[in-house]
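Annotation comment: TrEMBL describes Asn18, Asn79, Gly89, Asn90, Asn167, Asn200, Glu218, Arg219, Gly228, Thr229 as substrate binding site. The feature active site, proton donor is assigned by TrEMBL to Cys88. The active site feature in TrEMBL is assigned to Cys88. Per TrEMBL, active site, proton acceptor is recorded for Cys227.
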Amino acid sequence: MNRAPQGLPFLKGHGTENDFVIVPDPDGRLDLSAAAVARLCDRRAGIGGDGLLRVVRSAAHPEAAALADQAEWFMDYRNSDGSIAEMCGNGVRVFARYLERAGLAGAGDLAIATRAGVRRVHLAKPGPDGTPGDITVDMGSAVLPEGEVTVTVGEHSWPARNVNMGNPHAVAFVADLADAGNLYDAPQVRPAAAYPSGVNVEFVVDRGPRHVALRVHERGSGETRSCGTGACAVMVAAARRDGVDPAATGSPVRYTVDVPGGRLVIAEHPDGAVEMTGPAVIVAEGVIDPRWLAAAN
Ligand SMILES: N[C@@H](CCC[C@H](N)C(=O)O)C(=O)O
């Protein structure tokens with residue numbers, strides 16, 4: 001009898017409904033092409049996700065080997081079109097949740113290597129009823145390059161703030177989130193030279209004091225229900241717009257950022273560190289048919 005070759009284990013998870021296919025590959029043996037990632041993230045022909053998280057030991061990945069003494073695990077993040085991104089804020093929480101579930105990390109502190117550097121993560125203890133605790137990530141400092149940026153969707157244009165959270169963002173404050181339209185296509189961002197590798201675009205409205213809401217069009221994934229790095233970029237842009245800079249006042253500042261898929265709480269500290277707190281959920285696990293994957297690769 002012809003036995004089918006063994007399949008590839010995967011999990012599915014999300015953070016505020018920014019969803020990911022998780023592929024454990026501790027020894028870095030998998031060669032996942034951009035086409036295979038896009039197929040896995042396809043919501044009809046594949047598993048479906050806004051992106052893919054490959055879980056690799058830092059020592060086993062050429063981009064992370066130098067970080068192996070600081071962080072055992074490397075988050076190899078890919079967008080749903082197969083492109084590579086430096087960092088994913090919701091992804092890093094889901095990655096930590098996977099490590100916890102797999103018995104590779106426990107409640108407490110953990111370091112995870114990413115293409116944007118090492119991120120320190122804190123997993124809160126589960127509640128008395130077993131509900132998973134929230135996860136807090138030190139997302140590093142925001143960089144705010146000088147220069148005017150404009151975001152355009154159809155007839156609408158807005159001035160935007162250029163914010164880099166390890167990956168690039170343009171943050172536009174708008175009167176109404178509906179003004180961004182259906183976001184099927186990527187918004188135009190000018191000057192293009194401000195973002196040589198593309199950009200994630202956030203549209204933001206105020207909900208109350210230190211409370212904002214956003215929609216996001218992600219580079220490589222389209223409109224998603226949440227973006228962790230985007231929420232951090234929005235928080236910093238909102239704080240500066242509100243005349244708040246913790247480096248100047250010496251006091252941390254905290255904003256609530258609502259996303260279509262939930263809520264994130266973002267704090268900025270006087271040393272510049274931006275801290276994001278939110279949920280992370282593993283939804284399912286299964287096995288990918290190796291013949292299907294080989295055809296996709
Ligand atoms: N959803 C992510 C961001 C993922 C990467 C982004 N699309 C990019 O290309 O920079 C998040 O939660 O931060």
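Numbers here mean position along the shown chain, with the first residue as 1.
For all residues, glycine too, the Cβ spot is worked out from N, Cα and C.
Annotated features, which come from TrEMBL, shown on the structure.
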residue	record	DSSP class
Asn18	substrate binding site	strand
Cys88	active site, proton donor	coil
Asn167	substrate binding site	coil
Glu218	substrate binding site	strand
Cys227	active site, proton acceptor	coil
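Gly228 (substrate binding site) and Cys88 (active site, proton donor) have their C-alpha atoms 7 Å apart, to the nearest angstrom.
With respect to their backbone Cα atoms, Cys88 (active site, proton donor) and the residue listed as 'active site, proton acceptor' stand 8 Å from each other. The number of other CB atoms found within 10 A of the CB of Asn18 (substrate binding site), across every protein chain shown, is 32.
On the backbone, the CA of Cys227 (active site, proton acceptor) and the CA of Asn18 (substrate binding site) stand 7 Å apart. Other residues of the same chain near the substrate site, with their Cβ within 8 Å of the Cβ centroid of Asn18, Asn79, Gly89, Asn90, Asn167, Asn200, Glu218, Arg219, Gly228, Thr229, are Gly51, Ala85, Met87, Cys88, Gly91, Val216, Ser221, Thr224, Cys227, Gly230. Sequence-distant contacts of Gly89 (substrate binding site), defined as residues of its own chain at least six apart whose C-beta falls under 8 angstroms from its C-beta, comprise Gly15, Val137, Met139, Met165, Cys227, Gly228, Thr229, Gly230, Ala231, Cys232, Met276.
Counted within 10 Å of its Cβ, the other Cβ atoms near the residue listed as 'active site, proton acceptor' come to 36, all protein chains included. Counting every protein chain shown, the number of other Cβ atoms lying within 10 Å of the Cβ of Glu218 (substrate binding site) is 29.
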